Amino acid sequence: MKSNDLILQTSTRVVFFIIFLFSIHIFFAGHYTPGGGFVGGLLMASAIVLLLLAYDFKTVKEVLPFNYLGMTAIGMLIALTTAAGSLVFNVPFFTHWYDYFDFPLLGKTSIHTAMFFDIGVYLVVVGITLTIIEMIGGDS
Amino acid sequence: MTMFLWICVGILSFSLVGFLYRLMKGPSTPDRVIALDSIGVGLITLVGLFSILFDSPFFLEVILLLAIIAYIGTVAFSKFTEKGVIIENDRDTHK
């Protein structure tokens, strides 16, 4: 019997982008309100898990052709580079820095190096969660 | 107003007790899954009421988060009860 998941797949197409945008929001809001890299990464992972539930490993691998272990490594590298970059300017390890910049679309925005550390945390959380799920779920 | 909100919290707590009774007593697995989903919705309403009571907007993200997690959990449980496998490898070649 071929199962028919039309309602699940159609609702997933909408709900995935809602969860994705909420994950981005909670990631960027982490500096002033609750949230941050960890919760944002877990939400992104749960959005991809919802895709995996509605479709299957092969389809999701075609849609999102990421190597999740490589994503974990890149996240670790970004976090460590942000931490070690302060040594170049002759300040202690993990010293952060911020300044205000004028961007063409966003206007005056403050860039804090803690955000790059958080991007590393985000990538590590997404990569590790999906690596675990692929290892457990994807036995061929 | 505060009295009214506390009465709402009491009624919701009673409904959560009812859902817990269904969760423990439920004869079949789908009864328990629906009870868990309803407990998720009850927790969402409780968090909303408490965010009014504590006069803080910082709990509102918890509401959306709980809704998403409850949805994904319910979908995973129902797929497990229907097919016996939660995440398929390849849908087209799967029997």
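Glycine residues also receive a Cβ, built from the backbone N, Cα and C atoms like all the rest.
Caution: TrEMBL annotation is automatic and unverified by curators.
Features as listed in TrEMBL:
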{"type": "DOMAIN", "residues": "A:7-130", "note": "domain 'Na+/H+ antiporter MnhB subunit-related protein'"}
{"type": "TRANSMEM", "residues": "A:12-32", "note": "transmembrane segment"}
{"type": "TRANSMEM", "residues": "A:38-57", "note": "transmembrane segment"}
{"type": "TRANSMEM", "residues": "A:69-91", "note": "transmembrane segment"}
{"type": "TRANSMEM", "residues": "A:111-133", "note": "transmembrane segment"}
Tell me the residue counts in helix, strand and coil for the domain 'Na+/H+ antiporter MnhB subunit-related protein' (A:7-130), as DSSP assigns them.
89 helix, 13 strand, 22 coil
How about long-range neighbours of the transmembrane segment (A:38-57): same chain, 6 or more residues beyond its ends, C-beta under 8 Å?
5, 8-9, 12, 15-16, 19-20, 22-24, 26-27, 30, 63-64, 121-126, 129-130, 133-134, 137-138
Sequence-remote partners of the transmembrane segment (A:111-133) [C-beta within less than 8 Å, at least six residues beyond its ends]:
27, 30-31, 36-38, 40-42, 44-45, 48-49, 52, 68-80, 82-83, 85-86, 96-101
